[in-house]
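Enquirer: Below is a structure I'd like to ask you about.
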Amino acid sequence: MLQTLYSYFWWERLWLPANLTWADLEDRDGRVYAKASDLYVTLPLAFLFLVVRHLFETYVATPLAGLLNVKEKIRLKATPNAVLEKFYAATTKHPKQADVEMLSKKSGCTVRQVERWFRRRRNQDRPSLLKKFREASWRFTFYLIAFIAGMAVIVDKPWFYDLREVWKGYPIQSMVPSQYWYYIIELSFYWSLLFSIASDVKRKDFKEQIIHHVATIILISFSWFANYIRAGTLIMALHDSSDYLLEVGVCPRPRAATSCVSPAPTHPPLPPQSAKMFNYAGWRNTCNNIFIVFAAVFIVTRLVILPFWIMHCTVVYPLDLYPPFFGYYFFNFMMVVLQSLHIFWAYLIIRMAQKFITGKVVEDERSDREETDNSEEEEEAAKNGPLSNGHPVLNNNHRKTD
C-alpha cells in the first residue's frame, strides 16, 4: 500500500508538464537538477538552527540587550490561590463580572482582590521583555544575512532583470551550488520556526503565523521538486527584503505620565509593534524612521511587486510554453494563500500608520498588551486624592478662609 501511495504521490503528471518525465531531470552533460532527497537534510539542519539560536540568544542577544539598556519590568506575582488558579487554568483567563463575584465568594477575597489577582496572573504568563528582544534579534540577524545572500545569488542572473528568463528552457534548467544552499538554508530556517512556534512569543495572529510557515515550507519544497528554482529564489529574496526591517521595527505608544503634576507628553505618539529590538531599547526616533521604511518596503514588495510582477510571471508566462497541469495550479494556489496573508498584515500596518500620522495613540495590532496593576493606587486615590510617586498630592490651590 505504501508503495502505491508513493507511486501516486510522485506521478509525473502531478509535478511536471505533459510529455516530460523524471528521467528528463536526471543529471547529465554537466547539468545538475534538484532532487527530492536533497531536502532530507533540512530537518537535522532545522534542529541545528535551534541550537545556534539558543547560543546566539545566550551569548550575543542577551549582552546586546544589556548594552542597549533593555530593562525588565518588575511584575507583581499573584498570591497562590487554589480556587482562582483552577478557574484560570480550566475556564478562562478573563472572567466576566458574574464570575468575579462568584469567585469572590468561593475564595474569600473581595471583588477588587479577585480582579487584581487575574491581572497579575495574566501578566505572569506574558513573555518577558528580554525574551522578546532575544527572539527579535535572532530573526533580524538571520533575515538580514539571508537577504544579502539571496541578492548575491540572483543579482547576476538574467531572470532577475527579465522575468521571462525564469521559464526559458523549463524544466531543463540546471541548478548552481549557490541556489542549492540558498534553498536548503531557507527551508531549514522555516522548519525551525515551525518547531519553535509553541515556545515563541505568541501574538493575536498566531494562527496566521502557522499558516504562513506551513505555506512557505510547502511552496519552497514544491518549487524544489518541480524545478521552479528560479522563481523560488526571487520569491524568497523578495520576502527577506522587508522581514529583517520588521524585527528592528517600531515602537509602542509612549507611557502616560504617572504623576498628576507632570506635564503631558509633547512628542507625537509612536508607532506600535512590541517585541522589536529598538522598541525595547527605547530608541524612539530610530523606531519611527524604521517603521516608515518598513511600511513602505512591505507594501511595495508584498502588494505591488509580488502580485503584479512575480505572480504574473508564475501565472501567465508558463502558459506560453506548456498547457497548465496540477503542479501549475497548486503552486499558484499556494501563492494566493501567501498573498492573502500579506493583505491581512498590510491592513494592520496601514491602520497603524494612519493612526501614527494622525497623532493618535497606537499599539501593535497583533500584540497582547501588558496590563497595569494599579488597583491599589485607584483605591488610595479615591480616599486621599491623586497620588504622586505613591504619596497623596497636596492641594495648595484651595482658598484660605479668614
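Including glycine, each Cβ sits where the backbone N, Cα and C put it.
It should be emphasised that the depicted structure is a prediction, and the values quoted were computed from it without experimental measurement.
As listed in TrEMBL for this protein:
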| type | residues | note |
| --- | --- | --- |
| TRANSMEM | 45-68 | transmembrane segment |
| DOMAIN | 67-128 | domain 'Homeobox' |
| DNA_BIND | 69-129 | DNA-binding region |
| DOMAIN | 131-358 | domain 'TLC' |
| TRANSMEM | 140-160 | transmembrane segment |
| TRANSMEM | 180-198 | transmembrane segment |
| TRANSMEM | 290-310 | transmembrane segment |
| TRANSMEM | 330-350 | transmembrane segment |
| REGION | 363-402 | region 'Disordered' |
| COMPBIAS | 370-380 | compositional bias 'Acidic residues' |
Enquirer: Should anything in the same chain at least six residues away from the transmembrane segment (330-350) have a Cβ under 8 Å from its Cβ atoms, list it; otherwise answer none.
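Expert: Result: 205, 208, 211-212, 215-216, 218-219, 222-223, 226, 228, 295, 298-299, 302-303, 306-307, 311, 314-315, 365-366.
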Enquirer: Mean pLDDT, the domain 'Homeobox' (67-128)?
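Expert: It averages 88.
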Enquirer: Could you tell me what the rest of the chain brings near the transmembrane segment (140-160), counting residues at least six beyond its ends with Cβ under 8 Å?
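Expert: Answer is 56, 166, 168, 178-179, 182, 185-186, 189, 230, 233-234, 236-237, 240-241, 243-244, 246-248, 277.
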Enquirer: Hey, which bits of the same chain come close to the transmembrane segment (180-198), Cβ under 8 Å, at least six residues off its ends?
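Expert: The answer is 34, 38-39, 41-43, 45-50, 53, 142, 146, 149-150, 153, 206, 209-210, 213-214, 216-217, 220-221, 224, 229, 232-233, 236.
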Enquirer: Could you give me the DSSP helix, strand and coil counts for the DNA-binding region (69-129)?
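Expert: Its residues fall into 36 helix, 0 strand, 25 coil.
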